[in-house]
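Annotated in TrEMBL:
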type     : residues                                         : note
ACT_SITE : 254                                              : active site, proton acceptor
BINDING  : 22, 128, 163, 254, 257                           : glyoxylate binding site
BINDING  : 75-77, 104, 126, 154, 230, 252, 285-289, 308-309 : FMN binding site
DOMAIN   : 1-349                                            : domain 'FMN hydroxy acid dehydrogenase'
């Protein structure tokens, strides 16, 4: 295994189709999902030579927190269906590597499970706003109690974009598996054995379509700690994020899983960075499959990046070992590419 694509191929073999497709798909025609990755390839690197490449460092900070490289693990729903205890395994790998892990509201393992599984090492918690505001308050309070060091508030999922593969595979709430799905599950005994005892959760029509910027103010006050706003693609929304008092924003189109036909995240990044300057820390996710992609995002102004599918490929392929492998691959590619471009410190890129 030498790259993220190797992990993807292995994960596809080992994870049942309905859960692999859930992770590796976009909405409608999947044009934005594909553009997230392909638009990185249009950005070319400037090679420098005869530059002292000793003493390289990829260490930096994200929202003031030290990180081994400008990468965090993104919140991904139903992570525990890629591999048993997937959220715990991902958090452990992130802890050992020295980067943040972000736990999704739509996780299989609970906040408390992950806290216990990582010896209460601080991780980030991602929040969806649901109609039941008392439940949202309880989630925020539980994240505080679990020692989460940042809250990532997702703003681009008030309603769900249609994902054809999920409907065809019967991955709905509650699940409606088809005959082909059931047969496919039966061909994955290793996955099935790992899932024995796993908690199953169903999610209905619970997201709040009335979410607005006033709710951001309420959540910020309730949380009281570092707040990151996820799902920003438009300059006007970036300015509103600055005015909200958040500590960072994530340029993101939800991995191409919401509005199909939207611009890729990397295409939106430079304009948003130019608009907000140093008023708020700008991060990005969407399409990152290598350390070179991380370097390109940093060069265009991102102070941090997030990996979702690259993380899930590693998890589905080999559990915690696979997540660690994915991080090692991305770090090595970032380190070497940075040196080829004549830089020895990621903060100087």
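Using the three backbone atoms N, Cα and C, a Cβ is placed for every residue, glycine included.
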- Query: Across all chains shown, how many C-beta atoms besides its own are within 10 angstroms of the C-beta of residue 309 (FMN binding site)?
  - Reply: 26
- Message: Of the recorded positions 22, 128, 163, 254, 257, which one has its Cα closest to the Cα of residue 285 (FMN binding site)?
- Response: 254
- Task: Measure from the Cα of residue 163 (glyoxylate binding site) to the Cα of every one of the binding-site residues 75, 77, 126, 230, 287, then give the nearest.
- Result: 77
- Would you measure the largest Cα separation among 22, 128, 163, 254, 257 for the glyoxylate site and round it to whole Å? 19
- Express the distance between the Cα positions of residue 287 (FMN binding site) and residue 22 (glyoxylate binding site) as a whole number of Å. 16
- Item | For the domain 'FMN hydroxy acid dehydrogenase' (1-349), mean pLDDT (0 to 100) | 93
- Between residue 128 (glyoxylate binding site) and residue 254 (active site, proton acceptor), what C-alpha distance do you get in Å? 13
- For residue 257 (glyoxylate binding site), the close binding-site residues (Cα within 10 Å) drawn from 75, 126, 230, 309 turn out to be none
